Amino acid sequence: MRSSLAPAIRLMQSVSRDSCYRGFIIVMTFLFYTCYHLSRKPISIVKGQLHRNCSALPNPPNISENDTTWCSWAPFENTNYKELLGSLDTAFLVSYAIGMFFSGIFGERLPLRYYLSGGMIISGIFTSFMGFGYYWNIHALWYYILFQILNGLAQTTGWPAVVTCMGNWFGKGKRGFIMGIWNSHTAVGNILGSLIAGAFVSTAWGLSFIVPGIIIAAFGIFCFFFLVEYPEDVGCTPPQQPEEAKHDLENIPVSYNSTDTIFKSTESNADDSENAHTEVEHPQAISFIGALRIPGVVEFSLCLLFAKLVSYTFLYWLPLYIANDAQFDPKAAGDLSTLFDVGGIIGGILAGGISDYTGKSAITCTIMLILTAPMLFIYNYFGQTGISTTIAMLIICGILVNGPYSLITTAVSADLGTHESLQGNAKALSTVTAIIDGSGSIGAALGPSLAGVLSSRGWNYVFYMLIAADICACLLLARLVYKEIRSLCGGERKSYTEM
C-alpha cells in the first residue's frame with residue numbers, strides 16, 4: 001500500500017517555477033546587501049580599541065607609569081583622537097556620496113552580475129586591508145583614510161545593483177510591502193557586523209575587519225555563479241510595467257487587481273518561455289540628465305538628503321547621547337540604541353504596506369515626516385525619564401525616521417526607474433537609485449559632522465537641527481503631495497509615478 005505524496009513535495013509542486021526564482025532572488029539580494037552593511041560596521045566597533053583608557057590597565061614593566069596612552073593604537077592615542085577617528089568616518093561617507101552618483105551610470109552599462117560580484121570582492125579586499133594594518137603594525141593615518149575612501153567607492157556598487165535586480169524581477173503590485181521587509185537587511189547587517197567585529201576586537205582587532213572582508217568577498221563569488229539579472233534569462237515571465245498593464249486592461253475583458261502578490265505571474269506557455277529565453281532584448285541605458293527629468297526623481301532625491309541626515313545622525317550619535325543624557329554605561333547604551341533599528345524595520349514594512357494600499361507614496365512619506373518633528377522634540381525632553389519611556393520612544397522614533405527613508409530608497413526608487421514616461425525604450429533603475437541614494441548619502445555625511453560640532457554646545461541644538469531637516473524633507477515633497485491629493489479628490493488611485 002502506497003502512502004500519499006509527502007506534504008513537502010505537495011508544497012513544492014504547488015509553487016510555480018517563477019515563484020521559486022523570485023523567492024531565490026529576494027533571499028540572494030537580501031544576503032548580498034546584508035554583507036555590505038556587515039563589512040561597514042567594524043570601524044564603529046574598533047574605535048573604542050584604537051583609543052582606550054589605559055589608566056584602568058596595569059602598566060607593562062617597560063612602560064612608564066606616567067604614560068597614559070601606551071595601550072592605544074597610534075596615531076589615535078593623542079587628545080585629538082576624536083577628530084582623527086571622525087576623519088575615518090568622513091572619508092568613507094564623502095567618497096560613498098560622490099561615488100554613488102557615478103555608480104548608477106556604470107551599473108546601467110555593465111552586466112549586473114559582474115558589477116555586483118566584482119564590487120563585493122573588491123570591497124572585501126579593501127575592508128581586509130584595514131585589518132592588515134594591525135598585523136603590519138601600520139600607524140600612519142593616511143593608510144587608514146586611503147582604504148576608507150577606496151572602500152567607500154567600492155561599496156557604492158551594492159545598493160543600485162540590488163535594487164535594480166529586484167526591480168527587474170518584481171512588478172509594482174506589492175513592491176512597497178515586500179521591499180519594506182527586504183530592506184531589513186540594513187539592520188541585520190549592522191547587528192551581525194557588530195557581533196562579528198566584537199568577537200575579535202579585544203584580542204586582535206585586525207580580525208574585526210578581515211573576517212567581514214572575507215565574508216563579503218565569499219558572497220561576491222557566490223553572486224558571480226548564481227545571480228540571474230532578468231527573469232527572461234531563465235525563461236520566467238517578466239513583471240508587468242505600467243504601460244503593459246494598461247495595454248492588458250484595454251484588451252482583456254476581466255478585472256485586473258494591481259495589488260495581487262508579486263509572486264503570481266501571468267501564465268505563459270512553454271513556447272513563450274522558450275522564446276523569451278532564447279532571445280532577450282534588454283532596453284538601452286538612460287543618461288544622468290535623462291534620469292533627472294523623470295517626474296519625482298529630484299523631489300525624492302532632495303527629500304532623502306534630509307531624511308538620511310536625520311537617520312545617520314541617530315546611527316552615529318545615539319549611543320553617546322543615551323550614555324551622556326540617561327547616564328547608561330556604554331554597553332547598555334549600545335544595546336538600547338538597537339531598538340531604533342528595530343523601529344526602523346517596523347517603519348519600513350509599515351510605510352511600504354500603506355504605500356501599496358493607497359498608491360500614494362509621497363503622502364505616506366509626508367505624514368510620517370510630519371509626525372517625526374514633534375516626536376523628536378518630545379524624545380529630547382522626556383525620552384530619558386525612565387527605561388520604559390526610553391524603549392518606547394526609541395522604537396517610535398525609529399518607525400517614523402526610517403519609514404520614509406526605507407520607502408524612498410527601495411520601492412520609490414524602483415518605481416521611478418520603471419516610470420511610464422520611459423515608454424519601455426530605456427532602463428533607468430540603477431541610475432535613478434544611484435541619484436536618490438547618492439543625494440541621501442550627502443545628508444548622511446553632513447548629519448554626523450554637524451552633530452559633532454553642535455553637541456559641544458548642548459544636545460538640544462542637535463535635535464533642533466534634526467527637526468529643521470525633517471521639516472525641509474516635508475516641504476520638498478509638497479508638489480507631489482498636492483498632485484496626489486488632487487488625484488484622490490478626482491476619485492483616482494494614481495501615484496506620483498504616473499504624473
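Placed from the backbone N, Cα and C atoms, the Cβ positions cover glycine too.
Residues 92, 116, 120, 123-124, 127, 151, 155, 158-159, 162, 165-166, 169-170, 178, 182, 185-186, 188-190, 192-193, 196, 212-213, 215-216, 219, 223, 226-228, 231, 234, 236, 262-263 of the same chain, all 6+ positions outside the transmembrane segment (21-40), place their C-beta atoms under 8 angstroms from a C-beta of that stretch. Under the heading transmembrane segment, Swiss-Prot lists 21-40 (among others), citing sequence analysis as support.
Under the heading N-linked glycosylation site, Swiss-Prot lists N53 (among others), citing sequence analysis as support.
As annotated by Swiss-Prot, N-linked glycosylation site applies to N62 (among others), with the evidence given as sequence analysis.
According to Swiss-Prot, the feature N-linked glycosylation site maps to N66 (among others).
Among the features that Swiss-Prot reports, transmembrane segment is placed at 86-106 (among others), with the record citing sequence analysis.
The list of residues near the transmembrane segment (116-136) in space but at least 6 beyond its ends in sequence, with Cβ under 8 angstroms from a Cβ of it, reads 32, 35-36, 39, 42-43, 73, 143-144, 147-148, 150-151, 154-158, 161-162, 165, 204-210, 212-221, 223-224, 227. The feature transmembrane segment is assigned by Swiss-Prot to 116-136 (among others), with sequence analysis given as support.
Packing against the transmembrane segment (143-163) from elsewhere in the chain are residues 29, 32-33, 36, 39-40, 43, 87-88, 91-96, 99-100, 102-104, 107, 112, 115-116, 118-120, 122-123, 126-127, 129-130, 133, 409-410, 413-414, 417, 429-431, 433-434, 437-438: each is 6 or more residues past its ends and has a CB under 8 Å from a CB in it. Look at Swiss-Prot and you will find 143-163 (among others) tagged as transmembrane segment.
Under the heading transmembrane segment, Swiss-Prot lists 187-207 (among others). For the transmembrane segment (187-207), the residues of the chain that approach it from at least six positions outside its boundaries are 33-42, 44-46, 48-50, 73, 131-135, 215, 338, 341-342, 344-345, judged by C-beta separation under 8 angstroms.
Annotation source Swiss-Prot lists transmembrane segment at 208-228 (among others).
Look at Swiss-Prot and you will find 302-322 (among others) tagged as transmembrane segment.
Summarising the annotation, Swiss-Prot assigns transmembrane segment to 334-354 (among others) and lists sequence analysis as the type of evidence. Residues 175-181, 183-184, 186-187, 190-191, 311, 314, 318-319, 322, 328, 364-365, 368, 390-391, 394-407, 410-411 of the same chain lie 6+ residues outside the transmembrane segment (334-354) yet bring a C-beta within less than 8 angstroms of a C-beta in it.
Residues or ranges marked as transmembrane segment by Swiss-Prot on the basis of sequence analysis: 362-382 (among others). Proximity of distant same-chain residues to the transmembrane segment (362-382), defined by a Cβ-Cβ separation under 8 Å and at least 6 residues beyond the stretch ends, is recorded for 296, 299, 303, 307, 310, 347, 351, 354-355, 389, 393-394, 396-397, 399-401, 403-404, 407-408, 459-460, 463, 466-467, 470-471, 473-474, 477, 480-481, 483-485, 495-496.
Taken from Swiss-Prot, the feature transmembrane segment applies to 391-411 (among others).
Here Swiss-Prot flags 434-454 (among others) as transmembrane segment, drawing on sequence analysis.
Same-chain residues lying 6+ beyond the ends of the transmembrane segment (458-478) with a Cβ under 8 Å from its Cβ atoms: 299-300, 302-307, 309-310, 313, 317, 321, 324-325, 362, 365-366, 369-370, 372-373, 376-377, 379-380, 404, 443, 447, 450-451. What Swiss-Prot records for 458-478 (among others) is transmembrane segment.
Counting Cβ pairs closer than 8 Å to the transmembrane segment (391-411), the top stretch among 86-106, 302-322, 434-454 is 302-322. Residues 44, 89, 93, 328, 330, 333-334, 336-337, 340, 344, 365, 369, 372, 376, 384, 390, 397, 401-402, 404-405, 408-409, 436-437, 439-444, 446-448, 450-452, 455, 459, 462, 465-466, 469-470, 472-473, 476-477 of the same chain lie 6 or more positions beyond the ends of the transmembrane segment (302-322) yet place their CB under 8 Å from a CB of it.
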